[in-house]
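As recorded in TrEMBL:
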- B:6-120: domain 'Tetrahydrofolate dehydrogenase/cyclohydrolase catalytic' (DOMAIN)
- B:139-280: domain 'Tetrahydrofolate dehydrogenase/cyclohydrolase NAD(P)-binding' (DOMAIN)
- B:GLY165, B:ARG166, B:SER167, B:VAL231: NADP(+) binding site (BINDING)
2 protein chains.
Amino acid sequence: MPAKIISGKQIAADIRLELKDEVSELRKNDIFPKLVVVLVGNNPASESYVKGKIRAAEEIGMESVLIRYADTISEDELLSKVNDLNKDESVHGILVQLPLPKQISEQRVIEAIAAEKDVDGFHPESVGRMVTGLETFLSCTPAGIMQLLKRSDVSLQGKHAVVVGRSNIVGKPISLLLLQADATVTICHSKTVDLASITKQADVLIAAVGRAEMITKDHVKPGAVVIDVGVNRTDAGLVGDVKFDEVSEIASAITPVPGGVGPMTITMLMANTIESAKRHAG
Amino acid sequence: MPAKIISGKQIAADIRLELKDEVSELRKNDIFPKLVVVLVGNNPASESYVKGKIRAAEEIGMESVLIRYADTISEDELLSKVNDLNKDESVHGILVQLPLPKQISEQRVIEAIAAEKDVDGFHPESVGRMVTGLETFLSCTPAGIMQLLKRSDVSLQGKHAVVVGRSNIVGKPISLLLLQADATVTICHSKTVDLASITKQADVLIAAVGRAEMITKDHVKPGAVVIDVGVNRTDAGLVGDVKFDEVSEIASAITPVPGGVGPMTITMLMANTIESAKRHAG
């Protein structure tokens, strides 16, 4: 029986409707959630990501501001702008689109953003608070995956979740969130020996490697839930880390690419910004 | 063939000798590493831990100061003291012994300690920096385990490490450090189903649960390296989380309790304080 398709597009749309209602309620109480996106240079992928974020903010009726700089901006100038935004009471979320030009330390910029406006969840303090289970902003892709699982009624307690990939923005944080949801969690990566013998144990398999269609049916236990975080541009178009055609034949549920995890990431950014506005007002 | 015993006592003694030399070199350059331990109340276990820390500092020729408060101290008073210590240029490491009396939020105290003096590695920023692989102070027990493995020539790359226990001070951080060392890592806990089927896959098994002798030979693959972080007081005396007698018959190497992980924890605290003094001077 072919797998149920977990439509991130649909779930994201549902959440955005909820967020739209929430924003309109907040506005009645004179709370106006506001996201500022800083874009340096004109990398086409970054342009497209930023456009998606601004559009999503508009869609839910939230204010957003795009600040653009030429790619010759100095680190000092950028840090000073971040500092101003930190102090600006009307701003609830600050996002500096990565990557940044080479004269600028991305880590220094990430750490310059005030933790209480770090809606991307990349600041070390945000990461540390997430790890220890304290209130914080969860980074958007892992938070989006958790929402996909929750809203698809995938139970996690006592299940074996296997995460392939150990990046700071997906692999590590999603592993810790799955752990908090009481799954037994295994983290695999490029140095893992006999990957299939491990991934085949997964009740829930998260592929976050960034290698086109590397997870085949030989890696998947029949009945598993498969979440594909990969976005790989190939000659055949955009594909995930999972060989969708064959894996969808044996999985019980699977996310497509595109239309799976992608739409959730931006949606979680909106949710974080609204949450920030509420905390700030509260 | 019975397992090789990994003597934390011996390895800790070796490291302390190295640290002693390092302190004496630093003193020649007018750098005097200094640790301040704050003890509130007189919990007997805390008294004993603190005594061990002060003694270790003495042993390696490092200055240490013990500040004691009655358990009636207010949170404000304690936070104000931490703040003074943060500003005191002569202090390189600050440790507030836990647990604290109930009128004081431990989390607030942990977060009040300046990250650059957080030699316990408990501050969310320290945790987040550890997760993302940035320079920081590693919390002492997981750092001690990594030293035990390293100095016993246990290779980790591509090995399957299984951690039983998901506490903030041991289970989670040691999982992330093993991952950084290129192991495939599985984290188990009280909700894990069929624990033995998972632990039996471990090339390296870390037991950090706090339940006397719960890991038996039925949980261990012959030839595995077993690290026992448990310290359980029973009628039969101090025992670990591992049933030492039977597991040591099949493991290739194992830490005893006491004399395994325990002595390493305090040693890593000393190493962190010396590192802090060096960073501060550098």
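Every residue, even glycine, has its Cβ placed from backbone N, Cα and C.
Worth saying up front: this structure is predicted, and the values here are computed from it rather than measured.
Positions of TrEMBL features highlighted on the structure.
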residue	record	Cβ contacts under 8 Å, 6 or more apart
B:GLY165	NADP(+) binding site	B:GLY171, B:CYS188, B:HIS189, B:ILE206, B:ALA207, B:ALA208, B:VAL209, B:GLY210, B:VAL229, B:ASP241
B:ARG166	NADP(+) binding site	B:LYS172, B:SER175, B:ILE187, B:HIS189
B:SER167	NADP(+) binding site	B:ALA208
B:VAL231	NADP(+) binding site	B:GLY210, B:LEU238, B:GLY240, B:VAL257, B:PRO258, B:GLY262
Rounding to the nearest whole angstrom, report the longest C-alpha distance spanning B:GLY165, B:ARG166, B:SER167, B:VAL231, listed for NADP(+).
16
What is the three-state DSSP composition of the domain 'Tetrahydrofolate dehydrogenase/cyclohydrolase NAD(P)-binding' (B:139-280), stated as helix, strand and coil residue counts?
53 helix, 28 strand, 61 coil
Identify, in sequence order, the binding-site residues in B:GLY165, B:SER167, B:VAL231 that approach chain A with a C-beta to C-beta distance under 8 Å; the answer is 'none' if none do.
none
Write out how many residues of the domain 'Tetrahydrofolate dehydrogenase/cyclohydrolase catalytic' (B:6-120) are helix, how many strand and how many coil, based on DSSP.
60 helix, 18 strand, 37 coil
